[in-house]
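Swiss-Prot lists CYS154, CYS157, CYS207, CYS210 with the feature Zn(2+) 1 binding site. As annotated by Swiss-Prot, Zn(2+) 2 binding site applies to CYS171, CYS174, CYS193, CYS196, with the evidence given as sequence analysis. Sequence annotations record features per position, and here Swiss-Prot assigns domain 'J' to 5-70. Summarising the annotation, Swiss-Prot assigns repeat 'CXXCXGXG motif' to 154-161, 171-178, 193-200, 207-214. The feature zinc finger is assigned by Swiss-Prot to 141-219, with sequence analysis given as support.
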Amino acid sequence: MSKRDYYEVLGVAKTASESELKVAFRKLAMVHHPDRNPGDKEAEIKFKEVNEAYQCLSDGQKRAAYDRFGHAAFSQGGAGGPGFGNEFGDFMSDIFENFFGDGRAAPGGGAGRGRGGAPGRERGSDLRYNLEISLEEAFAGKTETIRIPTSIACETCSGTGAKAGSKPRTCSTCGGYGRVRAAQGFFAIERTCPNCHGRGEVVDDPCTACSGAGRVNRERTLSINVPAGVDDGLRIRLAGEGESGMRGGPAGDLYVFLSIKPHPFFQRDGADLFCRVPISMVTAALSGEITVPVIDGSQTQVRIPAGTQTGKQFRIKSKGMPVLRSREVGDLYIQVSVETPQNLTKRQRELLQEFDQSASDENHPESAGFFSKVRDFFVSGATRA
């Protein structure tokens, strides 16, 4: 069967640039790769055809020979048929590693390249710990002792997984690389070694303490420094305090996620604190002093001027939360709420009625002004009608 024109195979014009050839090749390689079309012989043939066409046209000398003589340039005795040398294999390895994510080797390429360093060494998993603290603890900072279940390196075998007096041997299937290459006709695919499962080593006599895993489950006790000024949702990273790595690999990290309990008095907004304080009608009308709490456990006095209304806010400087890793401190805001008297005695009712009868608009400027505006609104509306 005659070969198809290489430009036709890649779907490009004879004047295609090097970048256009590369784009076309990558697109077709993804479509026809055997791992994406298992058992599809037609896809396998097309994949070979695409590889062959690209290797020829991406090489300046071979392309010039092909443009002049066609496929005859690579027949026996000619310039040499397309093959996959190491330099092309390296390029293909990069392409397929990016496309398929597992470091598959390219057709005819050289030795594959591992993604995790030495075969068998695995980084330990990261761990998460949720820690709830009070607002007072967030204000002052604290050292918290926590206990976490985790996996640590087996002390009996020092993490090797092998019984005392023995040691793991290099996997004979992959030669310690952790991956094997399987030839499929014109190309080769690199996969995780089925014998050692990518570890590069095999344990013939496993440690009885860890059953060959190299790690054992334990509960660890750690001290965590919670700095003053932390906020809800803050994450603290403790490097190397996660699970131990496998077979000498590095340990993972521990992430502590902080949450702050709701406070009965204070609401927080950044470094500022807000506290709602009820005051009596008499204090609001005649003035007075009230005692309010402070987050550090102390108390302070706030002067309430005569005629204070509900919602009035008083600022107390530097009585809020500290700013994390700073010398700055937020403020405390006291918002008053005037309480209406309840359960009045007969005499109290009489006194209030007497006050109401003697009161004028000057005593209630806000309500008097409001009802005056309402009256004017309806009067003007009736006039327009």
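Glycine residues also receive a Cβ, built from the backbone N, Cα and C atoms like all the rest.
Keep in mind that this is a model prediction, so the values were computed, not measured.
Spatially, the repeat 'CXXCXGXG motif' (154-161) is adjacent to the repeat 'CXXCXGXG motif' (207-214); three or more Cβ-Cβ distances between them are under 8 Å for residues at least 6 apart in sequence. Break the repeat 'CXXCXGXG motif' (193-200) down by DSSP state and the numbers are 0 helix, 0 strand, 8 coil. According to DSSP, the secondary structure content of the repeat 'CXXCXGXG motif' (207-214) in residues is 0 helix, 0 strand, 8 coil. CYS157 (Zn(2+) 1 binding site) carries neither a helix nor a strand DSSP state and counts as coil. When the binding-site residues CYS171, CYS174, CYS193, CYS196 are ranked by how far their Cα is from the Cα of CYS154 (Zn(2+) 1 binding site), CYS196 comes first. The residues of the domain 'J' (5-70), classed with DSSP into helix (H, G, I), strand (E, B) and coil, number 51 helix, 0 strand, 15 coil. A 10 Å radius around the C-alpha of CYS157 (Zn(2+) 1 binding site) takes in none of the binding-site residues listed as CYS171, CYS174, CYS193, CYS196. Between CYS193 (Zn(2+) 2 binding site) and CYS210 (Zn(2+) 1 binding site), the C-alpha separation comes to 23 Å.
Helix, strand and coil residue tallies for the repeat 'CXXCXGXG motif' (171-178), in that order: 0 helix, 0 strand, 8 coil [DSSP]. Each residue in GLU155, THR156, SER158, GLY159, THR160, GLY161, ALA162, PRO206, THR208, ALA209, SER211, GLY212, ALA213, GLY214, ARG215, VAL216 lies on the same chain as CYS154, CYS157, CYS207, CYS210 and has a C-beta within 8 Å of the C-beta centroid of that Zn(2+) 1 site, without being one of the site residues. This prediction places the mean pLDDT of the zinc finger (141-219) at 84. A straight line from the CA of CYS174 (Zn(2+) 2 binding site) to the CA of CYS210 (Zn(2+) 1 binding site) spans 25 Å. Most buried of the binding-site residues CYS154, CYS157, CYS193, CYS207, judged by other Cβ atoms within 10 Å, is CYS157.
For the pair formed by CYS207 (Zn(2+) 1 binding site) and CYS171 (Zn(2+) 2 binding site), distance between Cα atoms is given as 18 Å, rounded to the nearest Å. Each residue contributes its Cα atom, and for CYS210 (Zn(2+) 1 binding site) and CYS196 (Zn(2+) 2 binding site) those atoms are 18 Å apart.
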